[in-house]
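Enquirer: Here it is, the structure in full.
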Amino acid sequence: METQRASLCLGRWSLWLLLLALVVPSASAQALSYREAVLRAVDRLNEQSSEANLYRLLELDQPPKADEDPGTPKPVSFTVKETVCPRPTRRPPELCDFKENGRVKQCVGTVTLDQIKDPLDITCNEGVRRFPWWWPFLRRPRLRRQAFPPPNVPGPRFPPPNVPGPRFPPPNFPGPRFPPPNFPGPRFPPPNFPGPPFPPPIFPGPWFPPPPPFRPPPFGPPRFPGRR
């Protein structure tokens, strides 16, 4: 009787150990690595995206401290870049080449390492400066600088320069000497034009009236004193 009970207990313990051995590998198989969880989040982002091309993981920040619970949300920060593969092709992004001058997005959020839970709690922005997940813990408070009034110091006053200007002697250059012109004057032949055939002028002389006859004045003979 005791032998049957012992065998029954041993069978129960064997069954429990067998079930435990089956459950532990299945649980470990459901857990993802940090990079696999991020890649799954990138796939979900491509599924929900309305853009023409797929995005591929470009850079992944350092993972946080390891946590035994795969269902605990873990902070994540990574960068994705646009590829040359169109989104309707459903091609794995890891097999696509990056597009030259493609768009780059910075993504932050949380992911879980459990395959069953939905890991998508990611926000992506374009043109945002990238910071690691531990950056808020290392930030130091900025010290405000004390505002001082601007200095009210008058500037230096310099007297105007009293430097005499240069004195140059007057130019003593002789003027140019040109020889007198020795050009022969023009030689014209004497004019040989016939004069106009005018008749000699006949002008009447001036007409004066004849003088009146001379009449002596009516005086007597002259008388001289001293003579009788």
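Any Cβ shown, glycine's included, is placed from N, Cα and C.
Okay, these came from Swiss-Prot:
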DISULFID  Cys85-Cys96  disulfide bond
DISULFID  Cys107-Cys124  disulfide bond
REPEAT    148-157  repeat '1'
REGION    148-217  region '7 X 10 AA tandem repeats'
REPEAT    208-217  repeat '7'
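Any idea what these are sitting next to in the structure?
Expert: Long-range Cβ neighbours of Cys96 (disulfide bond) (same chain, at least 6 residues apart, Cβ-Cβ under 8 Å): Leu54, Arg56, Thr83, Val84, Cys85.
Within the same chain, residues at least 6 positions away in sequence whose Cβ sits under 8 Å from that of Cys124 (disulfide bond) are Leu45, Val80, Lys105, Gln106, Cys107. Secondary structure at Cys124 (disulfide bond), taken from DSSP and collapsed to helix, strand or coil, is strand.
The average pLDDT computed for the repeat '1' (148-157) is 78.
Sorting each residue of the region '7 X 10 AA tandem repeats' (148-217) by its DSSP state yields 0 helix, 0 strand, 70 coil.
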Enquirer: Once the chains shown are all counted, how many other Cβ atoms turn up within 10 Å of the Cβ of Cys107 (disulfide bond)?
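Expert: Other Cβ atoms found within 10 Å: 21.
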Enquirer: Check the DSSP secondary structure of Cys96 (disulfide bond), expressed as helix, strand or coil.
Expert: coil
